[in-house]
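A short write-up of the structure that comes next.
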Amino acid sequence: VRKNYNNCYILSFLLVFFVLILFPPAFTINTLSSIESLTISSNRTLVSPGNVFELGFFRTNSSSRWYLGIWYKKVSDRTYVWVANRDNPLSSSIGTLKISGNNPCHLDHSNKSVWSTNLTRGNERSPVVADVLANGNFVMRDSNNNDASGFLWQSFDFPTDTLLPEMKLSYDLKTGLNRFLTSRRSSDDPSSGDFSYKLEPRRLPEFYLSSGVFLLYRSGPWNGIRFSGLPDDQKLSYLVYISQDMRVAYKFRMTNNSFYSRLFVSFSGYIEQQTWNPSSQMWNSFWAFPLDSQCYTYRACGPYSYCVVNTSAICNCIQGFNPSNVQQWDQRVWAGGCIRRTRLSGSGDGFTRMKNMKLPETTMAIVDRSIGVKECEKRCLNDCNCTAFANADIRNGGTGCVINTGELEDMRSYATGATDSQDLYVRLAAADIV
């Protein structure tokens, strides 16, 4: 009996030993200091307060390349929200993240720096430490300073393909620094892909989804409440737009922080906001484009025409305009758009009011936030190049002035009754005013 007992004990020990070798347990820490490190072999990770996010090493299913990234710790479907070395992976399983000389570096087996924060400053009397915050932000700070304004470095300033609540996409008009999202190469390759989602300041800041030089989607300008072409549901989340000190920025906040939510650029070329459903253990799509509707596609209809969802012909000419090529228009080829029935004369010109619109592209627009709609109308009539005008901000009955001086492109009409859409006033010759 004793012999059998000993054999069982030995077999159990060997089984546990081999399991630990094949599947090493993950050890977590909350703060990384200069006396600690994360290595691939130790399977050690850095965890945020509340165990929401986790930072560590990972590799893709189809390769032996290793990356340093952040993912949701409690989400069963491993979902990465940030990758430090997405375009410079480790080629072997020997890698270390450590703080060295007040600078956390990601090193491969030959002590060559694969990724670094490039941080050179720090308070020698207060050692530098690194944390993953509850919102998923990986930060470096002096050990005696927890204030956000004192962060020495943060991953939120270097987004990859995902926007988290409180994370900003921004454009600095002074330095030209643009923080934007870039898609993955594929579902199993986190390197930089073909699609980007960025804020273009132009006359009125707007978001563009693009693939190289090709524009795929335009959000519409900020109307004081939201970007006119972006869905917004105050029950789940709401948008925040910041414009100050030569810098424009956008972020979203959750109305209930117990929900996990993310906005990301897909490797297949669309923008999607998802929320995690713990009951079904699945990500639910809150909205996605340009998949939701053909009207989301950039310039789905040509000049001086607008897109309408759920109609037999999605493209319609503005009042006072006719298809530039009737035969193509009848064949549902709308790229040529529409042309005026009557040329503008400057004398007797007026306007047709188009309600609930996504404003046309603002590349050639003139913006004056100091005047109202009446003065805006006068300025448009006095400018022979003016083709349309609108309020810049729909709050408080409408303020500011946007004057379009080029062709009206990429417009869309929304459902009647929308409370946060804009009206567009298109200039017409007297003969075409109804």
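Cβ atoms here come from the backbone N, Cα and C positions, even for glycine.
Residues near Cys401 (disulfide bond) in space but far in sequence (CB under 8 A, at least 6 apart, same chain), listed by position: Ile366, Val367, Asp368, Arg369, Ile371, Gly372, Val373, Glu375, Cys376, Arg379, Phe389, Ala390, Asn391, Ala392. According to Swiss-Prot, the feature disulfide bond maps to Cys376-Cys401 (among others).
Summarising the annotation, Swiss-Prot assigns disulfide bond to Cys384-Cys386 (among others). Of all Cβ atoms in the protein chains displayed, 10 besides its own lie within 10 Å of the Cβ of Cys384 (disulfide bond).
Across all of the domain 'Bulb-type lectin' (31-153), the predicted model scores a mean pLDDT of 88. According to Swiss-Prot, the feature domain 'Bulb-type lectin' maps to 31-153, an assignment based on sequence analysis.
Annotated domain 'PAN' per Swiss-Prot: 338-429, in sequence order.
Counting Cβ atoms from all protein chains shown, Asn43 (N-linked glycosylation site) has 15 others lying within 10 Å of its own Cβ. The annotation N-linked glycosylation site is assigned in Swiss-Prot to Asn43 (among others).
Among the features that Swiss-Prot reports, N-linked glycosylation site is placed at Asn61 (among others). DSSP assigns Asn61 (N-linked glycosylation site) to coil, not to a helix or a strand. Counting Cβ atoms from all protein chains shown, Asn61 (N-linked glycosylation site) has 6 others lying within 10 Å of its own Cβ.
The Cβ of Asn111 (N-linked glycosylation site) has 8 neighbouring Cβ atoms from other residues within 10 Å, across all protein chains displayed. Reduced to three states, the DSSP call for Asn111 (N-linked glycosylation site) is coil. Residues or ranges marked as N-linked glycosylation site in Swiss-Prot: Asn111 (among others).
Annotated N-linked glycosylation site per Swiss-Prot: Asn118 (among others), in sequence order, evidence recorded as sequence analysis. A simple way to gauge crowding: the CB of Asn118 (N-linked glycosylation site) has 9 other CB atoms within 10 angstroms, across all the protein chains here.
All protein chains considered, the CB of Asn256 (N-linked glycosylation site) has 10 other CB atoms within 10 Å. Residues or ranges marked as N-linked glycosylation site by Swiss-Prot: Asn256 (among others).
Counting only residues at least six positions away in the same chain, no Cβ atom sits under 8 Å from the Cβ of Asn310 (N-linked glycosylation site). Look at Asn310 (N-linked glycosylation site): DSSP puts it in coil. Per Swiss-Prot, the feature N-linked glycosylation site maps to Asn310 (among others).
For the recorded site, Asn385 (N-linked glycosylation site), the DSSP three-state label reads coil. A sphere of 10 angstroms centred on the C-beta of Asn385 (N-linked glycosylation site) encloses 12 other C-beta atoms. Taken from Swiss-Prot, the feature N-linked glycosylation site applies to Asn385 (among others), supported by sequence analysis.
Taken from Swiss-Prot, the feature signal peptide covers 1-28, and the record attributes it to sequence analysis.
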Proximal residue to Asn118 (N-linked glycosylation site) among recorded positions Asn43, Asn111, Cys384, Asn385, Cys386 (C-alpha distance): Asn111
Keeping only the recorded positions of Asn43, Asn61, Asn111, Cys384, Asn385, Cys386 whose C-alpha lies within 10 A of that of Asn256 (N-linked glycosylation site) yields none
Just jot down the residues in the same chain as Cys386 (disulfide bond), at least 6 apart in sequence, with C-beta under 8 A of its C-beta; none if empty. Arg379, Cys380, Ile403, Asn404, Thr405, Arg427
Integer Å value for the Cα distance linking Asn385 (N-linked glycosylation site) with Asn111 (N-linked glycosylation site) is 62
